[in-house]
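Structure, as C-alpha cells:
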Amino acid sequence: MNKQFRAHPSFSSTRTPSSSGTVVSHSSPPMASALILSLVLIILCSSYRGIAHTDAAAGHKGPKFVMVPTTSFQSSEDSCSTSSGTTAPHSSRVSVPLAHRHGPCAPVPAKEEMTLAERLGRDRARTMSMTRRLSKSTRLQNNYDAITVPTQLGSSYNTQEYVVTVGIGTPAVPQTLLLDTGSDLTWVQCKPCNSTNCYPQRLPIFDPSRSSSYATIPCDSQECRDLAAGLDGNGCTSNWDCAYQVVYGSKANTSGVYSRDALTVAPGAVIEDFRFGCGHNQEGPFDEYDGILGLGRLPESLAWQTSPDPERRGVFSHCLPPTGGTTGFLSLGPPENTSGFAFTPLLTMDDQPWAYQLMLTGISVGGEPLDIPAAVFREGMITDSGTIVTALQDTAYAALRAAFRRAMAAYPLAPPTAQLDTCYNLTGYEEVTVPTVSLTFRGGATVELDAESGLMLDGCLAFWNTDGDEYTGVIGNVNQRTIEVLYDLPGARVGFRTGAC
C-alpha cells in the first residue's frame with residue numbers, strides 16, 4: 001500500500017526578502033495559505049510540464065509533489081524515540097530492533113562521528129568494488145579489484161550503517177553487530193585474543209570457554225567444505241578445526257575458527273547450533289562494534305539458519321528507520337500475510353550467487369516515467385543494506401538528475417557534497433516541495449520512495465552514477481528507509497511494503 005502524500009491546505013509559509021535582503025517567513029490564515037500553495041504548485045507544474053501526465057490508477061492529474069519539512073533531510077538527532085511501528089506486524093515472526101549506528105538509538109555509540117564526506121568516501125569505494133565484480137563485462141575480463149578469500153563472504157567493512165544486538169552462547173553474551181545483506185558469514189571477536197590481534201570493542205569479547213553450548217566445526221565436515229569453497233589450502237587449523245578468513249575490499253580482514261553455538265535473537269527466541277566465525281585475529285580499520293551479522297544468500301547466512309523447519313528458512317525482512325532517532329526492525333521467518341507487498345523476481349548470477357540482484361525497468365519522477373532505454377538496466381541492480389547511496393547506470397542517473405533538478409528549480413543549488421552533485425541550499429526554508437520518485441522492477445512492482453527520509457541525504461539527492469552503463473547498480477539504504485524489504489529465498493522473490501516503520 002503506497003503512501004499518497006498531499007499538501008495540507010490549512011497552513012503554508014512563504015519566503016520574501018526584506019529591504020535588507022533577509023528572508024522573512026510569513027504565516028497565512030488557512031484560506032490565504034491554500035491560495036498561496038495552489039499558486040506555488042501551479043508555478044512548479046508549469047515549469048515541470050515536460051513530465052506532466054495523468055495518473056489513471058490514482059485518479060489524479062499532473063505531477064505528484066510532496067511537501068516535507070527541511071528537518072527531515074538532516075541526519076543529526078539528539079534523542080531516541082520508538083513507536084509501535086518498529087516491529088513487524090506478524091505474530092509468528094521473531095523481530096529485533098534495528099538502529100542506525102551513528103544515531104542516538106544505537107545500543108553502543110559509535111567510536112567516532114565521521115563527517116558525511118568521510119562516510120560517502122567509504123561508501124563510494126564499497127560501491128565501486130561491488131559494481132565492478134558484479135558486472136558481466138568486468139567479470140569476463142577479470143579486471144576488477146578482487147575481494148579475496150572467499151569472495152562471497154564479505155564486500156567492505158566499516159561502511160555498514162545499521163546495527164542489531166543479539167546474544168551468543170549459553171548463557172547469552174550480548175553482541176552488537178553490523179547488519180549486512182552483502183555478507184554471508186556472521187562473525188564476532190572471540191577470546192583468546194590480545195590487543196594486537198583484536199580491536200577494542202565496547203561490549204565484552206565473547207569467550208567460548210564460558211559457553212556450555214559452544215563447539216567447533218570439524219575440518220572434514222560438509223559444512224566446512226561448503227565454507228572453504230574458493231579458499232587456498234584445506235581451510236583447517238592445527239587442531240583440525242574448520243578455519244575461516246574474510247578479506248574485505250578495504251583490506252580489513254578477520255580469521256578464526258568456524259564454530260556453532262546458541263544465538264539468542266529475542267527473549268525466548270534461540271537458534272540452536274548457529275554457525276558463525278569465532279574471530280581470533282582481526283586486522284584493519286574496524287570500529288568498536290562486535291562483528292558482522294551476515295544476511296546474504298549462501299548457506300552460511302543467518303537467513304538459512306532461522307528455523308529447524310525447512311519451510312520457514314530463507315525468509316527474512318528488514319525495515320530501516322527514517323532517522324537515526326528512531327528504530328526499525330529485523331524480522332526472521334515468513335509473514336502470515338503478504339498482501340501488502342509488491343514483489344519482483346530475485347535473479348541469480350552463476351558466479352556471484354550471494355548477491356540479491358533485481359531487474360530495474362523504470363524510474364518515475366513526479367509520477368511521470370523517465371525516457372530511459374531498457375538496455376541501460378541490462379546489468380540489473382542489487383539491494384544492499386551496507387551501501388548508503390543508490391548507484392544508477394550513467395544514462396539512468398543523468399535522466400533522474402535532470403528531471404529532479406527541473407522539479408526543484410525553485411530552490412537554489414548548493415555545491416556538491418563528496419560525489420553527490422545535486423544538492424540544495426535550503427537555509428531559511430521550513431518546508432520544501434519535492435517530486436515523488438518511484439522505482440519500477442520486473443513484474444511491475446513499483447516502489448515510491450519515502451519523500452521525507454528516503455530521497456535526500458543532508459539536502460542532496462541520494463543517488464549517484466556507476467561510471468558506466470556496463471556496470472551493475474546498487475540500491476542503497478537511504479532509498480530503503482521506512483520500507484519493509486522482504487527477502488523470500490525459496491520463492492526467489494523480493495517484496496516491498498511502504499510505510500512499515
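Keep in mind that glycine also has a Cβ here, set from the backbone N, Cα and C atoms.
What you are looking at is a predicted structure, and each value in this text was computed from that prediction instead of being measured.
Listed features, source TrEMBL:
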ACT_SITE  D180  active site
ACT_SITE  D384  active site
COMPBIAS  9-27  compositional bias 'Low complexity'
COMPBIAS  76-87  compositional bias 'Low complexity'
DOMAIN    162-497  domain 'Peptidase A1'
REGION    1-27  region 'Disordered'
REGION    76-107  region 'Disordered'
Rounded Cα distance, in Å, between D384 (active site) and D180 (active site) is 7
Mean pLDDT across the domain 'Peptidase A1' (162-497) comes out at 91
For D180 (active site), the number of neighbouring Cβ atoms whose distance to its own Cβ is within 10 Å equals 26
